[in-house]
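A quick write-up on the structure given underneath.
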Amino acid sequence: MEPKTKKQRSLYIPYAGPVLLEFPLLNKGSAFSMEERRNFNLLGLLPEVVETIEEQAERAWIQYQGFKTEIDKHIYLRNIQDTNETLFYRLVNNHLDEMMPVIYTPTVGAACERFSEIYRRSRGVFISYQNRHNMDDILQNVPNHNIKVIVVTDGERILGLGDQGIGGMGIPIGKLSLYTACGGISPAYTLPVVLDVGTNNQQLLNDPLYMGWRNPRITDDEYYEFVDEFIQAVKQRWPDVLLQFEDFAQKNAMPLLNRYRNEICSFNDDIQGTAAVTVGTLIAASRAAGGQLSEKKIVFLGAGSAGCGIAEMIIAQTQREGLSEEAARQKVFMVDRFGLLTDKMPNLLPFQTKLVQKRENLSDWDTDSDVLSLLDVVRNVKPDILIGVSGQTGLFTEEIIREMHKHCPRPIVMPLSNPTSRVEATPQDIIAWTEGNALVATGSPFNPVVWKDKIYPIAQCNNAFIFPGIGLGVIASGASRITDEMLMSASETLAQYSPLVLNGEGLVLPELKDIQKVSRAIAFAVGKMAQQQGVAVKTSAEALQQAIDDNFWHAEYRDYRRTSI
């Protein structure tokens, strides 16, 4: 259902003059009416002409096009965001296809690497380990009191770029921009946070411009106690907040998720969001091919927390489709840098142990090696689906893709590693190596592939199709937790909007122009499932839909009325 338009009520504010112009959430720039200019002491502080937001957005678009590099475009958009947030979101929504890769992946990776160099203005909260005893005071300093969504990182595993220290702040800022642009969550409700626990990146430690704590990363008990202090302070300040963990290192990501997911409404987008969008993509791709996901054999390259999270969600989905757990697990094969995960492999991480194959079941495989490589696995398993979450470029070689295609006429290949410099294989190569037969979805955006005079659109398996809708659904329903079933409902809803399924052609995922519609549908499904699972108060479907409509923020200026503080 489309949101119902309603007249915005006037907003009563106490700020005036230059202070108002410096307030990004309230600043209208040249769009302040003459009456507002008189009432708020703005006469003479702005050019004479009163503009509409669309006129402002058109000027900003012209200026944007004058920048030649993606990082310069990113800096320009961040400057608008830090001076006039309403205009920023109107501009982004007008040009989402063009600007999403600039405000988030892949350009945000470069922005994180150069964070201290391109720093202009503070946004969000920086919590240094040295300030750990001032945690409550720090959160009290946040100017927006009604925070509903926090994205937090410690900067240790930023995309595929590794430890970026406080430069990782670019990720929470970018993620929350998408919560608003795609999911309609008011920017006044969002807070980006970086936990500055030091950095092991020697280049940053040696950089005179680096703005973070110049110290090796704290670890073990010190680290977990610090994170716990943060969580407890957040719970006290905003007990109903949705907390998203973002780009934590593999060794910490799953332990933190498992520790806090039943203590505070929280999830890890790298693990659960990536899994949800991948499963939604696979459900749609399987249906488009005339089958079910439970019929497919799946090979993963990359057995970290993200890869294993996707695998577990695939197993849950195939069980929903009728497989036993044992049968579901036998169809999923995990390969890391040491080869196929088997029950004979030493030093497995806890979350890997349920995803091993029994070595005794592989005795008839065509291989002489004790270490079973990706090529060995593809040759013997004959998979229908190949998923890359390795963070290493070029590992889907021509030999591997051709071997897969030899046994699978319509292979599904998903090189999901970010940014584009880390992708396991390019869509151009995959299409060519499979004679145009592969269905390709990537983690980073790629242009359509032209092969033998035919155009192949490349779907971006973008978490932005999932997490904004989850956030909106949690806020609208008042959910106290995010359950696995809520994530599964998001995947199923996403698959229902696949153009390839609906029309028999086009992308396997919706176009970005439809992302708000998809987010609202996911929000409804997530909210409904939250009610069914008892983590949200039950209401009628109409009441839930109305709550979604009421919470969906639009990038439009409101009339201001003056009041005293």
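Here the Cβ of each residue, glycine as well, is placed from N, Cα and C on the backbone.
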Item to check | According to Swiss-Prot, which candidate in ARG132, ARG157, ARG520 joins ASP270, ASN418 at the NAD(+) site | outcome: ARG157
Checklist entry - Does anything in the same chain, at least 6 positions from TYR104 (active site, proton donor), have a Cβ under 8 Å from its Cβ, and if so what? => result GLY174, LYS175, SER177, LEU178, ALA464
Item to check | Shell list (NAD(+); ref centroid = CB of ARG157, ASP270, ASN418; cutoff 8 A) | outcome: ILE158, LEU159, GLY160, ASP247, ALA306, GLY391
Item to check | For ASP247 (divalent metal cation binding site), the number of other Cβ atoms found within 10 Å of its own Cβ | outcome: 24
Checklist entry - Within 8 Å of the Cβ centroid of the divalent metal cation site residues GLU246, ASP247, ASP270, which other residues of the same chain have their Cβ? => result THR153, ARG157, ILE158, ILE171, PHE245, PHE248, ALA253, ASN268, ASP269
Checklist entry - Which binding-site residues from the set ARG157, ASP270, ASN418 come within 10 angstroms of GLU246 (divalent metal cation binding site), judged by C-alpha positions? => result ARG157, ASP270
